[in-house]
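Student: Okay, here's the structure, questions in a sec.
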Amino acid sequence: MDPKNQSSDNLENQTPHQEEEQQPTLPIASISLALSTILPTHFLTPPKIYKPNKVKIPTQISSLSNLTLSSSSLLPTKPNFKSTISSNPLQNTLTLNPLRPNEPSNAAGIRRASIVWFRNDLRVHDNECLNAAHNESMSVLPVYCFDPRDYGKSSSGFDKTGPYRASFLIESVSDLRKNLQARGSDLVVRIGKPETVLVELAKAVGAEAVYAHREVSHDEVKGEDKIESVMKDEGLEVKYFWGSTLYHVDDLPFKLEEMPTNYGGFREKVQGLEVRKTIEALDQLKGLPARGDVEPGEIPSLVDLGLNPSATIGQNGKQAANASLVGGENEALQRLRKFAAECQAQPNKENKDGTTDSIYGANFSCKISPWLAMGCLSPRSMFDELKKSTSRTISAASGKKDGGSGTGLNWLMYELLWRDFFRFITKKYSEAKQNSAAPVTACVGSAA
């Protein structure tokens, strides 16, 4: 295009006074007019030598001078509608007032909304996926699903989830909701299949990603693949994290498919491996998405899950001993601190044969396994708290020839390492594609 024609187009909106002052070198004059408000006039003096076939900046500058940048105009709007997944129809909806931020107008480099899918990680401390969603999103919707497939009778006629475990889970979910509410968020609870519930909620709030921790069993791994496939069809990203073991799966000195099939070999391989630092709980979380007006929903009861509440009552009419364990993150942290204090206060008790008691605490046990199983407490937090609460040197069980026996703390590390072995070996064979696999053996003395 002829430079004169370009310049004449740029001068159509100028005043008559500006047209009279226009120099014959039209492209350079357009630069002067566009920048005259921010640069001294001596910066805009036309050069003596002008080569129009090399100068193409004037047209671009004049175009940019009339451009108004607006990030909101670049973002497509989505219809505002409610989730088709209803809360528990057997109970009334909770009346809650969580933070719901206004729709973000500048979402460059950050997601407008994300979903955190809680599974066996019912805690706010040392929760990588919760922290990642908080840092990468303008708003976050925490969700927990009571999957109907986890309840009812198995093919053998037994409860898939018994009343004691279900009661503990309900208490843990309730405690998680309180901890999220205390930080300006909330927990959306639904009874339904996660692959259905999560998609409907994502559509309702305009979520762009789902954050979750990975699990290890065969059915859980299959469920993860199904959810990832469904989300991909909807154009949503699924981001998985690892947070259920003392050692991180990415830090193992071997590929998971090459993991030793016996505990002794595993312990030898991970000897001296460093434990990652825990992630501190956030004091304030991002609010719920403004769209969708999603109801939090009520936490179901045992009856809602098809279980008999009377099963937790003993013959004397009182609550059974197993039901005295209270689920939840707060209870888990209290028990951990109490156990650490007992370990610190107790001297090393040497027996007649020269050995020492293996562990301290009520009935010589920390009794924290149920909270670890539900993810109310992370193994790394347990490790950290014991380090902070005692002056004794904690040596990992992998470095002890006697398998970690000795002080209570060393014995606890030994138990956590066994737990890691079982979770990693389960993960290994859950992901294995081969039809036949070598049998899993646990030979403690093989690496001694």
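Glycine is no exception: its Cβ is also placed from the backbone N, Cα and C atoms.
Not my notes, these are from TrEMBL:
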type	residues	note
COMPBIAS	1-16	compositional bias 'Polar residues'
REGION	1-24	region 'Disordered'
DOMAIN	112-246	domain 'Photolyase/cryptochrome alpha/beta'
BINDING	Ser365, Cys366, Lys367, Ile368, Ser369, Glu415, Leu416, Leu417, Trp418, Arg419, Asp420, Phe421, Phe422	FAD binding site
Student: For a three-state summary based on DSSP, what are the helix, strand and coil counts in the domain 'Photolyase/cryptochrome alpha/beta' (112-246)?
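Tutor: Taking each residue of the domain 'Photolyase/cryptochrome alpha/beta' (112-246) in turn, the totals are 59 helix, 29 strand, 47 coil.
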Student: Mind giving me a neighbour count for Ser369 (FAD binding site)? Other Cβ atoms within 10 Å of its Cβ, every protein chain shown.
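Tutor: For Ser369 (FAD binding site), the count of other Cβ atoms within 10 Å is 12.
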Student: In the structure shown, with every protein chain counted, which of the binding-site residues Trp418, Asp420 has the densest set of Cβ atoms within 10 angstroms of its Cβ?
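Tutor: In terms of Cβ crowding, the pick is Asp420.
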